[in-house]
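The feature transmembrane segment is assigned by TrEMBL to 30-48, 85-103, 115-132, 139-156, 162-189, 229-251.
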Amino acid sequence: MMGGHHAASGAAAWVAVASTAPYALGWYPVSPLGIVSGALLTAGAALLPDLDHHSGTIANSLPPLTRVLARITERISGGHRRGTHSLLGLAVFVALAGALGNMTAEIRGLGTVEIGAGMLSVLLMGFALKALKIAGGAARSWLLAILLSLFIALYAPENNGWLPVAVGLGVGVHIIGDLLTHQGVMVLWPLRIKRPRKIASMPVLSKLWKASGSLSVPIIGRAGSWREWAIMVPVSVYAIYGVIEAGFAALRELLA
Ligand SMILES: [Zn+2]
């Protein structure tokens, strides 16, 4: 799936889960501003699994930091679309986000500052800006990523543990997005369950269970196909609508 579409699916997932509007699920209710800031963070988190490619878009989002992080991630995760696209990877990302969410400091005049969440936000906003092709050069990317992170830090959801929830959602929808392509993902990595020879000759099953051991439900087919656009345009509209509506709700609360 294309980077911009991953980001849109992350924001849409956050709106669906965190908003209590009639068009959302409201499983994890947050304040209207928390919907906006959380949607931004989840959009970035939905690109996190692609940090496993040393020359990919995400690796080039906030140089030189992201290039170094991508090389490390690629090595640990066994290459592109392996560890970071698995259930184990999802658990590791959620645990890391939980640990970063607990990293706070008391700063005189400012009170408790969420340092860990702030650092993670800068990284994730860098990813989102690059994927949505808003970033431009390195200096501008860093500046915009820091400004967006300040917004997130100021208006973050007040719910405890919102950071691992947002990161888990983002990484989860990324894995689902790639599962829908021909290439598929190795969901159970590092386990690599080889496809039995019998299945190779079966028409449907051989497409779902690839010879590489990857699983695929190729509804989208090739990344960037017309089918991907057909699914992702409504998903993107949903995310944008949810965020704008939450923004207006926050404004109404402010003026009331
Ligand atoms: Zn991916």
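First residue shown is number 1, and so on along the chain.
Glycine is no exception: its Cβ is also placed from the backbone N, Cα and C atoms.
Heads up, TrEMBL stuff is auto-annotated, nobody curated it.
Not measured: the values here are computed from a predicted model.
30-48 is the stretch from 30-48, 85-103, 115-132, 139-156, 162-189 with the greatest number of Cβ pairs below 8 Å to the transmembrane segment (229-251). Scored on C-beta pairs under 8 angstroms, the neighbour of the transmembrane segment (115-132) with the top count among 30-48, 85-103, 162-189 is 30-48. For the transmembrane segment (139-156), the list of distant contacts is 33-34, 36-38, 40-41, 61-62, 113-114, 117-118, 121-123, 125-126, 128-130, 162: same-chain residues at least six beyond its ends, Cβ to Cβ under 8 Å.
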